Each structure stands twice: as C-alpha cells, then as structure tokens.
Amino acid sequence: MIMLYSSALGFTTILDLLGTFAFAVSGIRWASTKKFDWFGAYVIGLVTAIGGGTTRDLLLNVTPFWMQDATYLIITGVALLATLLFRNGLFRWGRALFLFDSIGLGLFTVVGIGKSLEAGFPFWVCIMMGAITGSVGGVIRDVLLNEIPLLFRKDIYALACIAGGIVYMICYRSGLSASLTELLAALTVISIRIIAVRYHVQLPFLKPLHPDPDNKEDKE
Amino acid sequence: MIMLYSSALGFTTILDLLGTFAFAVSGIRWASTKKFDWFGAYVIGLVTAIGGGTTRDLLLNVTPFWMQDATYLIITGVALLATLLFRNGLFRWGRALFLFDSIGLGLFTVVGIGKSLEAGFPFWVCIMMGAITGSVGGVIRDVLLNEIPLLFRKDIYALACIAGGIVYMICYRSGLSASLTELLAALTVISIRIIAVRYHVQLPFLKPLHPDPDNKEDKE
Amino acid sequence: MIMLYSSALGFTTILDLLGTFAFAVSGIRWASTKKFDWFGAYVIGLVTAIGGGTTRDLLLNVTPFWMQDATYLIITGVALLATLLFRNGLFRWGRALFLFDSIGLGLFTVVGIGKSLEAGFPFWVCIMMGAITGSVGGVIRDVLLNEIPLLFRKDIYALACIAGGIVYMICYRSGLSASLTELLAALTVISIRIIAVRYHVQLPFLKPLHPDPDNKEDKE
C-alpha cells in the first residue's frame, strides 16, 4: 500500500506535497505572529508538517518517514520562500490553502492507517495512528508557540480523522480494493472537515469543575 | 513479572484501573478550567493517564503498553462520562480520588521498574523509569494546558517514586519474592505521597539567580 | 568514531563533561527565575543537558546515551550543588560558562553527526541530527518553563550547528582523518556561535502576516 502510494499514484504524491505545503504555511503563518526569525519560522513550519507522522513512527517503532526522503524539508523551504515573497498576497489564496490543508489531513490520515496496518496493529490502534498523523503536528506547533493547542477547542479536526478511520476499516473489512478504501476514507475526512468549518459545527464544551461548587467564577 | 502482573493478580489489575481512572479524572478536571470541549478533555485525560508509561516505553524501545490493550482508552472514556454525569458531585469523592491517584502512582512506579529490569537495564535506570512512569503524564498534561508543570514546584511527587524505587532495589537484591518487593515499594510511594500532601512537606525553593547580583527584584 | 570519542580522547571527554555542566547550569539558572524547588531545578538542568541527545537517539531508534552511562546525571547533580553553594558567585565565571556552553554545542553537534553516520543515514539527516543534538535540549527547557523557545528568535544557535555539519561533511568526503574532521567541525560551531553573540549577528525577523492586510498592529 505504501509502495503503491509513493510510486504508482503520482496523483496521490502531488496531493501529499500540497498537503505538506499547506501544513507548513499554516505553521509559518502562526510563527509570524510571534516575531520569529526566518529560521524559527522554518522550524515551526517543518514541525507542523512532519510532527504527526514522526510521532506515529516513533510509536510504531520505525524510522521517521522524513529521514528517508528529503522532499518534506524542501517543501517546507518552498513554503517559507513563498511566504517571504508573496507575504499577505499568499492569503488571497486563503480558500485554496484551506482546501490543501483539508486534503493533507485526509491523506495523512490514510497514510497513517496504512502504515499501522502493515505493522500488524489492531484496527483501533490504526484509527488512533491515523488521527495522530493528521493532528499532532498542529499540537506541537501550538506548544512551541506557547499557546493552548487549538485541537482541544476545535475538535472536529481530530474527530474527522477518526471518522475517516472508521470508514477505512469498514471498507477494508468489506474487501474493497486498497485504492477505493483509501479514497473513501480520505473523502470522509475532507468533507467532515470542510462541513465543520463552514457550518461552525462544534462539540459541547466542558463546564468548569470546581472543588468547591459554590465558587462559580471562571478565572481564565 | 509483567505476566504475573497482568494475569494472576486480579487485585493489582483492579488497582491499576483505579489508578488510571484517577489520573484521567485529574486531567479532565484540569482541562475543564480551560474551556476545552469534550474531545479535548478526553485527550488530556488520556495523556495524563498514559503519558508516563508511553515515555518509558519509547525510552526502553518497546511498543507502548496502551497499543496492546484497549483498556486504558476505555477507562478514560468512563472517566469522562463520570465527570459529565456527576460533575462536581464527583469531587465529593475528593478523598477517594486522591487515594486512587496515590495508589496509581505507587503501581505505575512498580510496573515501570519491573519492565525496565526485564529489559536488562541497571538499577539506577530502572529507578528513573519508575519515576518517569509515575510523573511524566502530569508534566505533559501541564505543558498542553500551557502551565508550568506542577511537578517542578511540588516535588514530593517524583521523589516519592524515587524513594519507592530505592526500596524496590533493596528488597530485590535481598532476595525477597517479587510480590513482596512490589508491595513494599508501592506502599513506600503511597505513604510518602500521602504524608507529603497531608503535612505540606516540601523541598526548599531555589532562590532567583541573577547575572547581575545587585539586581534583586524577582520579575515573575 | 564513538569508541575513539569515548575512550582514547581523554581531552574530548573532559570537554564533553564541561559542556554538559554548562548546559545544566544554564537550565538551573533559568529554573531559578520561576521559583522552582531543588528537584525541579535538577530536572530542568538534566533535560537541558540530555534533551537533544535523547531526541536524536529516539529518532535513530537506539538506546538513549544517558541510559548507558550515569555520568550525565552526576554532572547535573554537581551543577546543582555548585549553583546552591556559589549562587551568583558562579556567574562571575559568566564568560567561562559561555565558553563551556559553546564548546559543549560544538562537541554535541560532532557527536550527533558521528552517531548518525554510524547508523548509516545520508548526509543531510546527519547534519540535522547534529543540530538536534545541540539545540533541542534548550527548546524542551523553554517549553517546560512555559516560554517561547529562545531558539526561534536567536537562530545563530542551531544555524551554527548546521554550518559545522556542512564543514564536517566536506572534510569527511575529502578523506580527512576522523579526528581532524571532528576538530574542524567543532571549531566552526564554536567560532560562529561566539562571533554571533559578540557582534549580535541575527537573521531577519518574519513580519506578522495577517489574513486581513489592512490590520497592521502587532498584538504581541
């Protein structure tokens, strides 16, 4: 599946690069709000793009994917260059960037599930690995920027990966071809993500719990 | 020892589940002070419960324990459900939760030491792995909540694990049975932890160091 | 190369210990600004000293170096003791500490590259591993202290490691002896670092990017 992914499907490879580009731009954009220098912005872009897959690979006990292929470092460099050259002009493409980001999320999820299945893990682990691949990069980005991770307040991100993972598993068990399984799972992630953002779909928030229930003010 | 731990000792398994539950509730409770949604609260609860053992397993280069047994994910779900259903009522059980938490700390420490001994590491590494198993989950929780980890200001947490580790090693070298060794070590952790909290035992604080000794005000 | 490093070159070993000491003191000094207790200060000192090498070893899928040699834990203890005993007096040696820190950076970089080459990785991965070995400890320190990592605003730190890595690779490919290659690479790191600090050499900063280009104020 991975072989198929990286050689035959040129179309998938292009989508993977676009997803990486969108993730890196998102990191660089956030870094720019914190007065980072160019090198710092590059690091944040890189971590956003590869952090999820690296966490997955460490948990699966395999060599992180970006240590076997310099493409991800180069794409991040291109993202930094594009940001420096076009600056805010880049964000006229806001809608395209959001689309790339959603496509990246769908692909990263599918790649994460495929790698975990190959490593022989049970389904529920594979679904978690798909969600980790898609969402942990953004969490590390937010931690490095000294912010509370957006993920914990904008849940439909990781939940979209989990829904895609469930679709993947149903297709896989039903004996669908690998390509069709991957396509349906990725489309699930992408469409849930787009619908959630467009219609502001959110999970309920957890109300503050106090040791003393009479103390109701929220200090945040 | 691990086999013994996970199959024969039904009592230990129950204590492990109670410990996991208490760690997860502590994470969810903290998450509630930051306006997290249900999914974010679940992730924080899970990370608090499994973060220490995962760090240990990555350092020992073995597959993280929760990827081989879905129990920990389920217990965290139960903790979230209990929090949503009983809300502040849950904290009328405050003393029970603290007891579970201390028991969890003792057990996690003992499990961490046992796994490291089996992997063939020297004693001082095993003691560190015990402390990492017990305390790193809370550190990751605090980092994700954008707070300075409590651990660094309320030391008796990790030091209790280290004391338990030393007791473990003395018993182990004296030829005591595995069960008795584990019991004594866990009891050491639990009692030091309870005594430290009840009597507010603390290590001295480090006074601020300034490059310029004339500049004495603390800017924090 | 590692064997050579750890056995024959007594001089290198002494420099490694001085570097570890300087990294640990830097961590403890920062911890003191946050009212940490002694144990917390020790942990921050340790993480600053071993965090980079540990990250490298996890990525290379080998056992972290400090789990095979207790020296690093002991040196950190010595650093804490020295800080408690001499307090601000220690910082009259400010220039010496900065020199140790720069030497440590150079050595850590060279050790990181050597270990990665031995593990059979391509050159660009080895250069990244050198930079990770030298700089990630400080990033983890800053995350635990709830600060934005200095690295992202004071780039010449990690870039010095990368420059040293490039020199290493040129010498290595030119067939120079291992000792001379390591010496030249370390000297590159050390001199770039010292020059950057003395003459305040910095990369340009990334200007804030706003989705709405009319909104120019920086909220930080």
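Including glycine, each Cβ sits where the backbone N, Cα and C put it.
As recorded in TrEMBL:
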TRANSMEM  C:6-24  transmembrane segment
DOMAIN    C:14-87  domain 'Glycine transporter'
TRANSMEM  C:36-53  transmembrane segment
TRANSMEM  C:65-86  transmembrane segment
TRANSMEM  C:98-115  transmembrane segment
DOMAIN    C:99-172  domain 'Glycine transporter'
TRANSMEM  C:121-144  transmembrane segment
TRANSMEM  C:156-175  transmembrane segment
TRANSMEM  C:181-201  transmembrane segment
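Under DSSP, residues within the domain 'Glycine transporter' (C:14-87) fall into helix, strand and coil as 62 helix, 1 strand, 11 coil.
Secondary structure by DSSP for the domain 'Glycine transporter' (C:99-172): 62 helix, 0 strand, 12 coil.
Remote same-chain partners of the transmembrane segment (C:121-144), defined as residues 6 or more beyond its termini with a Cβ less than 8 Å from a stretch Cβ, comprise 23, 26-27, 30, 44, 47-53, 55-56, 59-60, 105, 108-113, 115, 150-151, 157-158, 160-162, 164-166, 168-169, 189. Outside the transmembrane segment (C:36-53) by six or more residues, the chain places 20, 23-28, 30, 64-66, 72-73, 75-77, 79-80, 83-84, 108, 111-112, 132-141, 144-145 with a CB less than 8 A from a CB of the stretch. Cβ atoms under 8 Å from those of the transmembrane segment (C:98-115) belong to residues 1-2, 5, 12, 15-16, 18-23, 26, 52-53, 56-57, 60, 62, 126-127, 129-135, 157, 160-161, 164-165, 168, 182, 185-190, 193-194, 197 of the same chain, restricted to positions at least 6 beyond its ends.
With a threshold of 8 Å between CB atoms, the same-chain residues lying at least 6 positions outside the transmembrane segment (C:181-201) that come near it are 1, 5, 98-99, 102-103, 105-107, 109-110, 113-114, 134, 156-157, 159-161, 163-165, 167-168, 171-172. Among residues of the same chain six or more beyond the transmembrane segment (C:65-86), those with a C-beta under 8 A of the stretch's C-beta atoms are 17, 20-21, 24-25, 28-29, 32, 38, 41-42, 45-46, 49-50, 53-54, 57.
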